[in-house]
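Asks: When I checked TrEMBL for this same protein, it listed these features:
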type	residues	note
REGION	1-55	region 'Disordered'
COMPBIAS	8-53	compositional bias 'Low complexity'
SITE	ARG68	site 'Important for substrate specificity'
ACT_SITE	ASP135	active site, proton acceptor
SITE	THR136	site 'Important for substrate specificity'
SITE	GLN227	site 'Important for substrate specificity'
Amino acid sequence: MSEETFENEAAAAEGAPGAGEAVAAESALGAGEAAAAEGAAAAEGAETPETEPAPLPLTVVLASGSPRRHRLLNEAGVKHVVRLPQVPVDETLEPDQLADPAEACKKLAERKAGAVVQELLAENPVGMFAVIGADTMVVKDGQIFGKPANLSDGKHMLRQLSGATHSVITAVSLWLISAPDAEKLSMGFRTFADESLVTFKSLTDDEIADYLRKGESFDKAGAYAIQGEGRHLVSSVQGAMDTVIGLPAKKLVEQFPDLLQAK
Ligand SMILES: Cc1cn([C@H]2C[C@H](O)[C@@H](COP(=O)(O)OP(=O)(O)OP(=O)(O)O)O2)c(=O)[nH]c1=O
């Protein structure tokens, strides 16, 4: 089971560069569409259009340091570069923002992508760019588990997850920048969250301690890696596996097939 919701891409994203004025909702849906719109606008004014303008080359930028996200995007066939913001993104959220985990997750995905968009825009880019940011949270009974701070935090998380079902929410924020030349720029973004349900076996404290000793917990939300030894902790998964691992890459490509045209 998975749930998918799409944000209104014309809404201003927190921390996003000039989101209020620069967002062009129509250009957010697909690189091809935006390029076609540019071409159509140019053709309207021309008396005898001689040639169609060549579509702008698309560069996909993954704004993430997660090797899993890089791998999942590669496996989905999307050529991309990885770029992290020079200043790490502040991932703190206010208590009222944490009350709705899917919204909180979307906010962080937008912040991560927005930070890279901001730096990219400062470079006066020319071309078409799709910047992707993502965030993953484990949620049990309304409580959000990010990455464990230390061993006892990891133990606490795994005890909570033992013998029960929890949600893994991954939000993805995709920003499209269309800059046919140094003078023209339009931008739009869309953010969605996908949810999978993971059920854990009942774990003894010894089993939890054994697992934590394997050392794969510390950079993973909820202190486990379903793609690694953590699979032995799990009895069932409902929904997309790539959502649990950190990027619903298949859904991303279904929604934005133009990503496959990236050079
Ligand atoms: C539940 C689970 C999470 N994870 C990972 C996915 C994410 O990389 C990580 C959650 O941390 P995030 O803060 O979402 O991402 P990140 O810090 O790894 O990368 P960045 O912010 O640079 O994009 O947990 C797994 O790899 N396997 C799992 O089974």
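Heads up, the Cβ atoms here are built off N, Cα and C, so glycines get one too.
Just so you know, TrEMBL annotations never went through curation; they're auto-generated.
Please go over these features one by one and say how buried each is and what sits next to it.
Replies: Secondary structure at ARG68 (site 'Important for substrate specificity'), taken from DSSP and collapsed to helix, strand or coil, is helix.
For the recorded site, ASP135 (active site, proton acceptor), the DSSP three-state label reads strand. Around ASP135 (active site, proton acceptor), the same-chain residues at least 6 positions away in sequence with a Cβ under 8 Å from its Cβ are GLU91, CYS105, LYS106, LEU108, ALA109, LYS112, THR170, ALA171.
The Cβ neighbour count for THR136 (site 'Important for substrate specificity'), using a 10 Å radius and every protein chain shown, is 25.
When secondary structure is read from DSSP and collapsed to three states, GLN227 (site 'Important for substrate specificity') falls in the coil class. Every protein chain considered, the tally of other Cβ atoms within 10 Å of the Cβ of GLN227 (site 'Important for substrate specificity') stands at 17.
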Asks: How many Å separate the Cα atoms of THR136 (site 'Important for substrate specificity') and ARG68 (site 'Important for substrate specificity')?
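Replies: Computed Cα spacing between THR136 (site 'Important for substrate specificity') and ARG68 (site 'Important for substrate specificity') is 12 Å.
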Asks: Among all the protein chains here, how many other CB atoms are within 10 A of the CB of ARG68 (site 'Important for substrate specificity')?
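Replies: So the Cβ neighbour count for ARG68 (site 'Important for substrate specificity') comes to 20.
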Asks: Distance between ARG68 (site 'Important for substrate specificity') and GLN227 (site 'Important for substrate specificity') at the Cα atoms, whole Å?
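Replies: The Cα atom of ARG68 (site 'Important for substrate specificity') is 9 Å away from the Cα atom of GLN227 (site 'Important for substrate specificity').
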